[in-house]
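Here the structure comes first, spelled out in structure tokens, and everything after it is commentary.
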Amino acid sequence: MVDVLNIESLDLEARGIAHRDGKVLFVEGALPGERVTVQTVRRKPSYEIAKVEEVLRPSSQRVAPRCPHFGVCGGCAMQHLAPAAQVAIKQRALEDTFWHVGKLKPARILPPLYGPTWGYRYRARLSVRVVPKKGGVLVGFHERKSSYVADMRECHVLPPAVSRLLLPLRAMIAAMSAPDRMPQIEVALGDETIVLVLRHLLPLTDGDIAVLRAFAAEHGVQWWLQSKGPDTVHPLEREHADALAYTLPEFGLRMPYRPTDFTQVNHAINRAMVSRALKLLDVQPQDRVADLFCGLGNFTLPLATQGREAVGVEGSKALTDRAHEAAARHGLGERTRFATLNLFEVDVQWLRGLGYFDRMLIDPPREGAQAVAQALSLLAPGERPRRIVYVSCSPGTLARDAAIMVHEGGYALRSAGVINMFPHTGHVESIAVFESLDEATVLQAQAQARQKAREEAERLAEAAAA
């Protein structure tokens with residue numbers, strides 16, 4: 001059955017949203033404001049999934065996708081939407097999530113943080129499959145919502161130097177002894193180096209090693225090998241162990257890392273994000289600053305150039321060891337401290353044990369920082385960091401943690417905005433600023449919140465009685 005629909009909005013999977021007969025329809029390929037004919041492909045009791053058959057009235061924000069694989073490859077979802085409109089949708093999603101999850105509205109919306117929209121992806125995980133029906137070996141991202149590997153010949157979100165490797169990598173894998181036992185190639189680009197990590201399930205032969213070395217010499221890359229878990233990753237050539245690094249030129253820092261270490265996908269946006277975070281924190285020379293979920297010290301080392309002391313805490317000892325080494329190499333050893341701890345299990349006693357911090361930066365993974373937020377909420381007004389900057393890759397967990405800090409912890413949500421870390425995808429990276437309130441203001445806000453809750457309960461009771 002073909003229906004005609006008016007598209008009202010867009011979700012973060014880049015599906016148009018419409019309503020019909022009390023049901024929500026998610027429409028693949030449609031944009032807000034468009035009038036389209038659709039074919040339903042899946043029916044559920046409360047919603048349907050449909051795909052566009054014809055765009056009768058296109059959106060002014062619709063653009064031609066640059067990539068010939070768009071729509072099949074799962075690497076991108078929004079190439080058909082103008083970049084500024086993509087960011088606007090993410091900003092609206094962030095604000096909506098703050099309200100629906102945390103009943104919060106930022107006092108100020110920060111301008112979006114933009115960077116390159118093409119060739120930005122300096123980290124990628126490429127799947128490898130032997131598919132005789134498609135000519136042999138495929139190397140690329142998965143097809144959208146599928147375990148199949150897309151038949152990719154180029155990729156515009158990868159740097160051109162990596163995109164050009166997709167077809168040569170196919171030929172190289174095909175020449176190996178067991179191409180069907182090499183399921184993955186991870187890509188990590190430093191400012192000067194391309195590293196490829198080959199996952200192999202069987203031992204490599206001397207012939208395989210020769211093929212890898214010939215490929216490296218021809219294409220100017222470095223190979224690392226992984227036979228089992230992450231701890232088995234090692235460079236093919238020993239002298240390449242410390243070649244991978246990114247820079248933070250504003251702070252005069254070079255940050256070495258291993259291809260298995262967490263680093264931001266988008267180097268240009270990372271530099272801009274670090275700069276903005278430090279400006280928002282407004283660190284003074286006498287300040288003591290905490291950097292929680294510090295990783296390699298991406299924020300800790302820049303913070304140490306501005307404050308009296310920067311303390312980085314992270315769950316991975318390998319990362320804190322490398323952060324400590326980088327700090328020493330840059331002459332920041334006396335102004336930094338690093339600790340290894342599971343930040344998902346901390347409490348207020350632990351937080352008090354670290355001593356007082358004037359400022360705090362929190363940059364957790366998608367799981368957020370709920371335990372940290374709860375610990376902060378139990379501090380007395382004089383114990384709290386005066387300002388906190390929270391960098392997030394999940395609006396849902398950010399809103400959850402923000403609600404704890406604001407409704408229970410005596411903080412105000414001063415500002416928030418999106419960081420366009422992943423153009424053409426639905427991933428929302430964001431940054432938020434919290435400021436500690438004085439005790440009188442906190443008590444007043446809590447009393448107002450209790451009064452509103454009572455009024456809402458009374459309204460619901462009256463409605464039920466009627």
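In case you wondered, yes, glycine gets a Cβ from its N, Cα and C as well.
Model, not experiment: these values are computed from the prediction.
Residues annotated as domain 'TRAM' in Swiss-Prot, with sequence analysis given as evidence: 1-54. The average pLDDT the prediction assigns to the domain 'TRAM' (1-54) is 93.
If you look up Swiss-Prot, you'll see C67, C73, C76, C155 marked as [4Fe-4S] cluster binding site. In the three-state DSSP reading, C155 ([4Fe-4S] cluster binding site) counts as coil. All protein chains considered, the CB of C155 ([4Fe-4S] cluster binding site) has 26 other CB atoms within 10 Å.
Here F293 (S-adenosyl-L-methionine binding site) comes close to V313, E314, G315, L343, I362, D363, P364, P365, A369: these same-chain residues lie at least six apart in sequence, with C-beta atoms under 8 angstroms from its C-beta. Residues or ranges marked as S-adenosyl-L-methionine binding site by Swiss-Prot: Q264, F293, N298, E314, N342, D363.
Counted within 10 Å of its Cβ, the other Cβ atoms near C393 (active site, nucleophile) come to 20, all protein chains included. Swiss-Prot lists C393 with the feature active site, nucleophile, giving sequence analysis as the kind of evidence.
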Among the binding-site residues E314, D363, the one whose Cβ has the most other Cβ atoms within 10 Å is E314
Indicate the candidate from Q264, N298, N342 with the smallest number of other Cβ atoms within 10 Å of its Cβ, considering only these binding-site residues.
N342
Between the binding-site residues C67, C73, whose Cβ has more other Cβ atoms within 10 Å than any of the rest?
C73
N342 (S-adenosyl-L-methionine binding site) and C155 ([4Fe-4S] cluster binding site), Cα-Cα, nearest whole angstrom
37
Can you name every residue in this chain, apart from C67, C73, C76, C155, with its Cβ inside 8 Å of the center of the Cβ atoms of the recorded [4Fe-4S] cluster site?
H69, F70, G75, Q79, F141, A150, M152, H156, V157, H424
Just to verify a number: CA distance, C73 ([4Fe-4S] cluster binding site) to N342 (S-adenosyl-L-methionine binding site), in angstrom, no decimals.
36
Around the C-beta of C76 ([4Fe-4S] cluster binding site), how many further C-beta atoms are within 10 angstroms, looking at every protein chain?
24
